[in-house]
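The annotation substrate binding site is assigned in TrEMBL to Thr9, Gln10, Asn11, Asn12, His13, Lys14, Ser73, Phe155, Gly156, Tyr157, Asp158, Lys178, His183, Arg184. Annotation comment: TrEMBL describes Asp72 as active site, proton acceptor. According to TrEMBL, the Mg(2+) binding site annotation covers Asp72.
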Amino acid sequence: MEKIIVAATQNNHKIREIEAITKKFGMTIISRNEAGIPDIEIVEDGETFEENSYKKAYEIMKLCGKITIADDSGLEVDCLGGAPGVYSSRFSGSDGDDEANNRKLISLIKDVPYEERTGRFVSVITMVFPDGDKIVARGEVDGHLLLEPEGSNGFGYDPLFVPAGYNESFGRIDPEIKNRISHRANALTELGKKLRDKEVSL
């Protein structure tokens, strides 16, 4: 039986990654537009990834009445005290400007030795059901930060992030490999486990 899930995000890069990863769980992801949801902006004003992820999923579920999945993710850099965190997409002040965000990050860590430029990508995925139930899953991937972008794959901070155990950035690594080891993949795997544990029928 086909499992139709509405993706709360309007970020096409995220939708493609979620689609690629959720295939193994037998889920079919449709966009907000495909679900007939008007183009509305959901203000991400939470202080945690969990708060933002839930808000996005819940608000879209209320509009469409279908199971909805939302992701909130970002980069935590240790030498910056966990910044940019929930402000990752608007770190430079301009929401979604990857180049400006990367330039600001580089300017803040340029004097930090490579071995101390550690951090992690975090993804929190929330699935909200029409009856109000929810499942929350968190995934992380540790790594180091570069001072120059490497590669053109992915989006956001991918060209600056080298995952632990690899010698290439997420911007250069094979997308199939990224979709197996990324924070989003880990969160979706955790979501799948929780779905099975709850014996949820989609």
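Every residue gets a Cβ built from N, Cα and C, even glycine.
Automated prediction, rather than curation, is the source of TrEMBL annotations.
Those residues noted as binding substrate (Thr9, Gln10, Asn11, Asn12, His13, Lys14, Ser73, Phe155, Gly156, Tyr157, Asp158, Lys178, His183, Arg184) have their most widely separated CA atoms at a distance of 21 Å. His13 (substrate binding site) carries a helical DSSP state (H, G or I). Counting only same-chain residues at least 6 apart in sequence, those with a Cβ under 8 Å from the Cβ of His13 (substrate binding site) are Gly154, Phe155, Gly156. Cβ neighbours of His183 (substrate binding site) (same chain, under 8 Å, six or more residues apart in sequence): Ser73, Arg120, Phe121, Val122, Ser123, Gly139, Glu140, Val141. Cβ packing within 10 Å was compared across the binding-site residues Thr9, Asn11, Ser73, and the lowest neighbour count falls to Asn11.
Using Cα positions, the member of the binding-site residues Thr9, Asn11, Asp158 nearest to Asp72 (active site, proton acceptor) is identified as Thr9. Asp72 (active site, proton acceptor) falls within a strand when secondary structure is assigned with DSSP. Neighbour list (Asp158 (substrate binding site), Cβ cut-off 8 Å, at least 6 residues apart, same chain): Gly151, Ser169, Phe170, Gly171, Lys178. Considering only the recorded positions Asp72, Gly156, the Cβ with the fewest other Cβ atoms within 10 Å is that of Gly156.
In the three-state DSSP scheme, His183 (substrate binding site) is classed as helix.
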